[in-house]
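What follows is a short report on a single structure.
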Amino acid sequence: MAHTKHSMSTDVESRRRRSTEGSEPFWDHDPRSRRCSSQCDRLCVAGAYLEIPDTPSPCTSQYLGHYTPKCLSAQRHSRCTDDVWQEASIRTTIRAENEVEAHKLANNYRFGFRKWKSHVTERPIEDRSDVVKELYSDLNYIKHHSGSLVSVGNVIYVLLFGWWISLFYFLVSLLMFCTIAGIPYGKLCLKLSGYFLWPFGKALQKSISLVKKCCIKFPHCEAIPEVDERKESSEVKESTPLLRSAPAVTTEIPLTALPPKQTRYWCRLSTYVWLVLGYPLLAVVHFLAIFLSWMLVFTIPVSKMNVRTLSIILLMPPEEVIIRTVKKPQGCETRVLLCCYRAFNWYYYKFTVDGINVFAVNLLPLVIITLVIGYIDKEDYYVSSEAKFATAVSSIIPLSYYIGMGIASISAQSNFAVGAVVNATFGSITEMAFYITALLQGHRAGSKCYAEIVKSALTGTLLGCILFIPGICMIIGGCKHREQRFNSRSAGVSSALLFISIGGVFAPTLFSKAYGNFICEGCNNSPGNTTKPFLCNNCHYDLSENNRPLFLSHIEPLVYTISVLLPSAYLIGLIFTLKTHSHIYDIHISDAHCHVVSDHGAVVHWSRARALVVLILATVMMAACADLSTEHIKPIISNSSVSQYFIGVTVLAMVPELPEIVNGIQFALQNNISLSLEVGSCIAVQVCMLQIPLLILFNAFYDVGFVLIFSDLHLWASIFSVILVNYIFMDGKSDYFQGTALVVVYLILLALYFFAPAPLGC
């Protein structure tokens, strides 16, 4: 009996260890969270052999809902059977800072919801890492700096900004010296000329008359006047006990104090000479530096430095501004006017403005420029049609980001039903705006080329989401984490839906291959020679024009039937993954102490009303940019030596998906490859099961010539890609080699499209 118990406990422990090793690693590798997960695993595994009391586990959160462990639910007797080991192996534990973030993280794992990496609530700067704190610093503290000030970024600053800012300050100083009255400002500009040539390791501060003594042990100290240190030391000697701890080290920090009596700032002649002659010239210089450094993103510290100089330092009395070389602080951070150590920081790609990534902020003016030049310069007098097409396509990138941010914000602050409606309504708005405007443009021009480009874009989105997005995420994630594991059951659901959707979308094409008439144009043969084959040009299956009975009687009803079946399958997938079999995902949202931080006062970046307004505005501008891109694509497809297939498969298909690619890469870097794979699968399924049926419905009400018949290249490329990705996803593991295989296959298919001849009608 003892031997039996020992073998059973050993078996339980081995299975628990395997399930723990096979579980999806959670995002924050905090050791306390790891202990919490182990405790939850022990409770769950023990349920297979022991009776679990009705008392909820300490790891169960009040915000989990149906994401709680199944073996702790009311149905534990039916759930905790042999499937408990498989369910334990796919358990995913993630951390949530507040209730809104918990909803957003849970939505990421819901089928049909847009995956979003960025936070939708404000995060206290005190809880961020030192790297992130430096990004949001105002450059007004002297901090401890390790390393040399002579870095590549600082040298680049001198080449890009330092020399000409310093030169302008020198010229303005000469101007101030010539005015006689502005000599004090001339001296200031001369000092600032040397400062901006190499500002690193120097500090700008006010003149001082008080000293701040800061204790390393007690950093919250007060400003006190200087006293006689000899008297103070004698008093300490008389009252100090024999046994005491070592005295804390203090550092003298200059503080701002009331300046000595002098002429008031606004009562001086030099002030008005400076504000009329010197300040406006330097304002232009600083505005140019601010704009250039902000647009480069990684040089944002230069922008901050120029902003503080323009708004504070240049409006101070010149005698109050002094420049000194920074010495290493002995414990406390000294507050000054300006102090910069680095002009270049790679981590500024994380910088956000009101929750919006800095790249999306910088690209927003491009949208305004695109709309202005597109609808004002209609005759292409000032800007070429090719340039308008490039700006219109590029404008789709930030608009896609704003739409994604709006969807995530509304879904995180709403219930499941509202989130599902918003995702279904706006989730595919980017692609649908382009497809419909392209079809309308082709209908007005009487050209079938636009319909073929739309089909190429649809196929390109499928190939990119099936091959490129998972592949690049596997490569980047595998290089950092070597081997990553994902939920094979949820990936199996997505793969099954991909098979269904690909089979439904290409069923009319296969039907046409079986029953359509294969005709060729321009067939000829040498007279009197019956041995050589015929030479034929432009061979294709005739379906819509000369073979109308087949199309109207067989193919068109088949297309309408498929357009009903595919959304039905999508709805069944939603019910399966979100209701009846939600345990497949088994998501646990917790912090390091096994519970969600109940912060009902979380400050969201965008309220629901603001997010809805942004969604509507971004959708309208997206439609306008899509209209401009299709209007000015004609010179590209007419004069370009590249195949129209290639343009549709690459530029028009993948540019709108760039924000999703970035989200997938960020998930992979955080060792959450499951969401990286779901990003591509979700988009591919929505293309086949929602977007294509909507295009068929639109064509049924307004005939724009869209026929669901794809070329052979689209057909076989899509089928091969789905088979390959299902084979890759079979074992539930990923590494950079598998990702490389997917990306190489994707590049091979792009090469096929690049060298393919032009489609019919182009």
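Backbone N, Cα and C atoms are what each Cβ position is placed from, and that goes for glycine too.
Under the heading domain 'Inner membrane component', TrEMBL lists 152-202.
Annotated domain 'Sodium/calcium exchanger membrane region' per TrEMBL: 390-506 (among others), in sequence order. Break the domain 'Sodium/calcium exchanger membrane region' (390-506) down by DSSP state and the numbers are 102 helix, 3 strand, 12 coil.
Under the heading domain 'Sodium/calcium exchanger membrane region', TrEMBL lists 611-753 (among others).
For 1-35, the entry in TrEMBL reads region 'Disordered'.
TrEMBL lists 155-183 (among others) with the feature transmembrane segment. Long-range neighbours of the transmembrane segment (155-183) within the same chain, counting only residues 6 or more positions beyond its ends whose Cβ lies under 8 Å from a Cβ of the stretch, are 189-190, 192-194, 196-199, 269-270, 273-274, 277-278, 281-282, 285-286, 289, 292-293, 299, 302, 343-344.
Positions annotated as transmembrane segment by TrEMBL: 272-298 (among others). Sequence-distant neighbours of the transmembrane segment (272-298) (same chain, 6+ residues past either end, Cβ-Cβ under 8 Å): 153, 160-161, 164-165, 168-169, 172, 175-176, 179, 181-182, 185, 189, 306-307, 309-310, 314-315, 344-346, 348-349, 351, 358-359, 362.
Annotated transmembrane segment per TrEMBL: 356-375 (among others), in sequence order.
The transmembrane segment feature in TrEMBL is assigned to 387-404 (among others).
The transmembrane segment annotation in TrEMBL covers 416-437 (among others).
Listed as Cβ neighbours of the transmembrane segment (457-479) (distance under 8 Å, sequence separation of 6 or more from its ends, same chain) are residues 431, 434-435, 438, 498, 502, 648-650, 652-654, 657, 660-661, 664-665, 667-669, 671, 673, 676-677, 679-681, 683-684, 687-688, 691-692, 710, 714, 717-718, 721-722, 724-725, 728, 734-743, 745-746, 749. Here TrEMBL flags 457-479 (among others) as transmembrane segment.
The transmembrane segment annotation in TrEMBL covers 491-511 (among others).
For 558-578 (among others), the entry in TrEMBL reads transmembrane segment.
Sequence-distant contacts of the transmembrane segment (611-630), counting only residues of its own chain at least 6 positions beyond either end whose CB sits under 8 Å from a CB of the stretch, comprise 367, 370-371, 374-375, 388-389, 392-393, 395-396, 399-400, 402-403, 405-407, 409-410, 426, 429-430, 433-434, 437-438, 440-441, 450, 652. Summarising the annotation, TrEMBL assigns transmembrane segment to 611-630 (among others).
The transmembrane segment annotation in TrEMBL covers 675-698 (among others).
Among the features that TrEMBL reports, transmembrane segment is placed at 704-729 (among others).
Under the heading transmembrane segment, TrEMBL lists 736-756 (among others).
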Check your understanding: Sequence-remote contacts (6 or more beyond its ends) of the transmembrane segment (704-729), Cβ cut-off under 8 Å?
Key -> 439-440, 442-443, 448, 451-452, 454-456, 459, 462-463, 466-467, 470, 486, 488, 491-492, 495, 498-499, 502, 505-506, 508-510, 512, 541, 543-544, 551, 555, 559, 562, 645, 677, 692, 695-696, 698, 738, 741-742, 745-746, 749, 752-753, 756, 759
Check your understanding: Out of 356-375, 387-404, 416-437, 558-578, 675-698, which stretch touches the transmembrane segment (491-511) the most, going by CB pairs under 8 Å?
Key -> 675-698
Review point. Which numbers of helix, strand and coil residues does DSSP report for the domain 'Inner membrane component' (152-202)?
Key: 42 helix, 2 strand, 7 coil
Practice item. Please work out which recorded stretch in 356-375, 675-698, 736-756 has the most C-beta pairs separated by under 8 angstroms from the transmembrane segment (387-404)? Key: 356-375
Check your understanding: Which sequence positions outside the transmembrane segment (736-756), separated from its termini by at least 6 residues, show Cβ-Cβ distances below 8 Å to it?
Key -> 456, 463-464, 467-468, 470-479, 642-643, 645-646, 649-650, 713, 717, 720-721, 724-725, 728
Study note, to complete from the structure: For the domain 'Sodium/calcium exchanger membrane region' (611-753), the DSSP residue counts stand at 119 helix, 3 strand, 21 coil
